[in-house]
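Chemist: Please see the structure below; I have some questions.
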Amino acid sequence: MTQNRAELNRNLAQMLKGGVIMDVTTPEQAKIAQDAGACAVMALERIPADIRAAGGVSRMSDPAMIKGIQEAVSIPVMAKVRIGHIAEARILQAIDIDYIDESEVLSPADDVYHIDKNQFDVPFVCGAKNLGEALRRIAEGAAMIRTKGEPGTGDVIQAVRHMRTMNKQIRELVALRDDEVYEAAKQLAVPYDLAKYVHDNGRLPVVNFAAGGVATPADAALMMELGAEGVFVGSGIFKSGDPAKRAAAIVKATANWQDADLLAKLSENLGEAMVGINEDEIQTIMAARGE
């Protein structure tokens, strides 16, 4: 990937800022998400809650299923590959996917190395729990970062923890003297130029979304309050009682997160929320995959 292409991919991801990206498993769900105002959809055969419940090895979705969703909507379509699975990423690029998510939700294919995303033209999304993880993924070519959170739980606590951790570490890096950034980069295990960018600009060089456990308009507003530039919603919409209404409410809450009166109205009569899993009840911690 050329420097110009890398810059283009980062700019494409910037266009999603302030939006909501929704997990969908069928063309019908994709249309609901698009009608609700989603800025993109994530096409996958099973949403994270079902992946967690079923157990076993989870892999890239069937390309035919992904193509069906691509044909159903005009907004960008993302799809997931396993961490380190170069061949899955090549397949998704071959079917003209808009974004690839190298995702801890799926079973990792490589427990040491991530995909060299600089070898691809399609932009990549990657998860991170802290600043070091985020900058390492960006060094590998990621055009967009999201918190890992804990997918499929409906519990936002880990997404909150990861966003707070990342932003705290950014503030700490900004506060350093110029000659202290070298040591900080070494401790974070990241390239100096990326650490210097954060030090000088007070933010990541790519867009940073929240993901993992967002299930209500209030959850989305909370993540925006904490510095997210947009929100991924997985199981929280189509595992709820009224997906269309909840999807539209979360989109509006993300765009108007500072308007408490509107948030109160958006939170009314949404139907039953997804049945969640508390952090201390989780058996498999997906966020620990791919550091």
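Glycine is treated like the rest: Cβ placed from N, Cα and C.
Okay, so Swiss-Prot annotates it like this:
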ACT_SITE  Lys80  active site, schiff-base intermediate with D-ribose 5-phosphate
BINDING   Asp23, Gly152, Gly213, Gly234, Ser235  D-ribose 5-phosphate binding site
BINDING   Arg164  D-glyceraldehyde 3-phosphate binding site
Chemist: C-alpha of Asp23 (D-ribose 5-phosphate binding site) to C-alpha of Lys80 (active site, schiff-base intermediate with D-ribose 5-phosphate): distance in Å?
Modeler: 10
Chemist: Using a 10 Å cut-off on Cβ-Cβ distances across all protein chains shown, tell me which of the recorded positions (Lys80, Arg164) has the largest neighbour count.
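Modeler: The residue with the densest Cβ neighbourhood is Lys80.
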Chemist: Round to the nearest Å and give the CA-to-CA distance linking Gly213 (D-ribose 5-phosphate binding site) with Arg164 (D-glyceraldehyde 3-phosphate binding site).
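Modeler: Cα to Cα, Gly213 (D-ribose 5-phosphate binding site) and Arg164 (D-glyceraldehyde 3-phosphate binding site) are separated by 15 Å.
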